[in-house]
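Read through the structure below, which is laid out as structure tokens, and then see the notes.
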Amino acid sequence: MEASGKLRAYLELVRAHNLLGTVLGVIAGAALLGEVNVAAAIASASAAAVAAGGYAINDYFDVEIDKVNKPERPIPSGRVGAEEARKLALALLALGPLLGLAVGPLTGAYAALNAVLMYYYSKSLKKTGLPGNLAVSFSTASTLLYGSLATAEWAGEVARVLRTIPIILMVFLMTLAREVVKGVEDYVGDKEGGVKTLAVVKGPDFALRAALALACASLALAYLAAPLLSLGYAFLAFVTLGGLLSLASVAACLRSEDPVRCAAKPRRAMKVAMFLGLIGILVDRLVQPVFYPHVLHAGGEEG
């Protein structure tokens, strides 16, 4: 294989396009505390390394299922060897915590926790269904916590991290909804592989209804959390757009004659919703001083 083709295969293996969301999550977490600095940059690189390693080790352990669900993936298609993927994954999972230590011991330990979680999710938790969904949801939502933790630890004010918990829960719920929908999308291969997703255990329709409820709860929590973190109209506009897009997409899939085939649409819609939520945090922090300066930053002091 040509060098360029090999590079593309590696980038596909680590889901390079998804790493943008990881970096945005860390930066948004820092922005929640009102400051994006060098700690956020280091934490972004650390989180991206852990996420990339998690994606790679997932493909390594998931190769038999991917032969059914996604035969075009790098390992089942033969573009990346299984042992290559394993070594790359372990290197990235080790690199993340080492980078985190450059910020501080808590940030390094938190990166290590996520690295271990991603490894064992791929190795065994994934087949447990809901526990695996919860692990992925925690890992995704933790990017915001990672950003706020790194910023707070760098400033020597770790307790400030508690202010970000409501928004982290919002992301957690939307990610959990997406994972439930992903179980519907992968229903055929998961059933053959013995993966106990909600869709396999309770049926695709039940899983979609559960995802709809989780997405509703996530949107409601955004409205409750916004005033607690001094997030204003820009944030709410982005979150509302993403939330309504997700709800409409899941509802349309429920009305479909074949929910398994259409499940990719709400799964993508929820990914867009989470991206819009992160962008909403950043945009809100940028426009706040101009359009509604009376609203205090969550990490600032009253003046």
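Glycine residues also receive a Cβ, built from the backbone N, Cα and C atoms like all the rest.
Database features (Swiss-Prot):
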TRANSMEM  23-43  transmembrane segment
TRANSMEM  88-108  transmembrane segment
TRANSMEM  130-150  transmembrane segment
TRANSMEM  164-184  transmembrane segment
TRANSMEM  206-228  transmembrane segment
TRANSMEM  232-254  transmembrane segment
TRANSMEM  272-292  transmembrane segment
Criterion met for the transmembrane segment (272-292) and the transmembrane segment (23-43) (at least three Cβ pairs under 8 Å): yes
With a Cβ cut-off under 8 Å, give me the same-chain residues at least six positions beyond the ends of the transmembrane segment (206-228) that come close to it. 163, 166-167, 169-171, 173-174, 176-178, 180-181, 183-184, 197-199, 235-236, 239-240, 243-244, 246-247, 250-251, 253-254, 259, 263, 266, 270, 273, 277, 298
Tertiary contacts of the transmembrane segment (88-108) (same chain, 6+ residues out, Cβ under 8 Å): 10, 13-14, 39, 42-43, 45-50, 52-54, 56-57, 60, 114-115, 118-119, 146, 149-150, 153-154, 158
